[in-house]
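Among the features that TrEMBL reports, domain 'Major facilitator superfamily (MFS) profile' is placed at 1-389. According to TrEMBL, the feature transmembrane segment maps to 7-26, 46-68, 75-94, 100-119, 131-155, 161-182, 212-236, 242-265, 286-309, 329-351, 363-383.
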Amino acid sequence: MDTTPPRWLLPAIVIAQLLATSLWFAPNAVIGDLQEAWGTDGGEGIVTTAVQLGFITGTLCFALLAIADRFHPGNVFLLSALVGAGANASVLLAPEQFGAVLVARFIVGFSLAGVYPVGMKMAAGWYGGGLGRALGFLVGALVLGTASAHLISAVGVTWDWQAVILGTSALAVVAGVIARSVPEGPNLKRSGAVRFAGVFRAFRVPRFRATVMGYFGHMWELYALWAFIPVWFMAYGLEGQALSMAAFVFIGVGALGCAAGGLLVERFGGGRVAIAQLGTSALCCLLSPLMLAAPPWLFAVFVVVWGITAAGDSPQFSALNARHAPVDIVGSALTLTNCIGFSISIGSLMLLEWLQFRVEPAYLLIALLPGPLLGLLAARPLWTRQDGD
């Protein structure tokens, strides 16, 4: 069997991932129209949490049932994308029913458990030695999808909200078809029967434990940072279009961090690249109150550096997780670590939601510092490079 991946394969996985994960943030671009239907000014946080909870539930089920390791990943991706597209479009049936929208968004989140981790497994099947580079582009695509809603707001384009919802569902269907065309890679093998305790076997591997603990520290910071960075920007005096553009730049440059980190792996090793980015992001957390008094040019440089490093370590931690997990449970191990990581992110989101009414905005993001610090301590063994890292 030819183990050399075709040139089209990585772009296909990246495009499929980008198109399918547009479901994750579809309501962000049309939240104003949905709020009119609900008769409220709020609800966006609850809708986002519903997706996160659905993703957590889905990843837990996928991991315990070893779905990603028992079936062709292309089939899993396709079916998940179709379910997600249908659930996303179902919002059009009763947009004024807030409860129904929450159920639909939960199902979307559940279906994404068969997209994001499974896409990483598809890459792991072909890019054993260059997985860090491959996942750099893969996660970078996800980051760009996250930032897109802020770009729409910044450029001031008016979209018919029903068209946006249907459009993202159509993109997810296309993504599923693309993913189904990707053959199984030679670096992985199918697992047998369901073994509920089997996936936890990965945590017995010391180097795997080090990588997942670093990843968990990263997850404590990332999603809460993305959610509350506009609050910090407003404390600097940004508003309106400038605020939206700053949020887009902050999140969007994370894709550059993912891709650039992947290119540096061969020279420095994935562990060192991840630790360097996690450490830089931790330092930015610490300095964030001081930067609100910085001149605009320094503030802009700081924002770009923080945005790059906050997201840039994610694909390297994921690549190392795949590298050090037992070969027959790679998909389930990646899915379970995603589940735990996103559960951790809800904790930090809720903490900042509570703190924002009790502390000055300048000091709000300091609460994210313990995650990167503890992640750095746990990931110290990764600084010593091993073959394949």
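Cβ atoms here come from the backbone N, Cα and C positions, even for glycine.
Only residues 6 or more beyond the boundaries of the transmembrane segment (75-94), in the same chain, are considered here, and those with a CB under 8 A from a CB of the stretch are 16, 20, 23, 26-27, 34, 67-68, 100-101, 104-105, 107-108, 110-115, 118-119, 122, 162, 165-166, 168-170, 172-173, 175-177, 179-180. The stretches the transmembrane segment (100-119) and the transmembrane segment (329-351) are in mutual contact, each linked to the other by at least three Cβ pairs under 8 Å (pairs 6 or more apart in sequence). Of the candidate ranges 7-26, 46-68, 161-182, 212-236, 363-383, 46-68 has the most C-beta pairs within less than 8 angstroms of the transmembrane segment (329-351).
Same-chain residues lying 6 or more positions outside the transmembrane segment (286-309) and placing a CB less than 8 Å from one of its CB atoms are 232, 235-236, 246, 249-254, 256-257, 260, 277-278, 280, 362-363, 365-366, 369. Contact between the transmembrane segment (242-265) and the transmembrane segment (363-383) is not supported: fewer than 3 Cβ pairs lie under 8 Å, counting only residues 6 or more apart in sequence. Confidence across the domain 'Major facilitator superfamily (MFS) profile' (1-389), taken as the mean pLDDT and rounded to a whole number, stands at 85.
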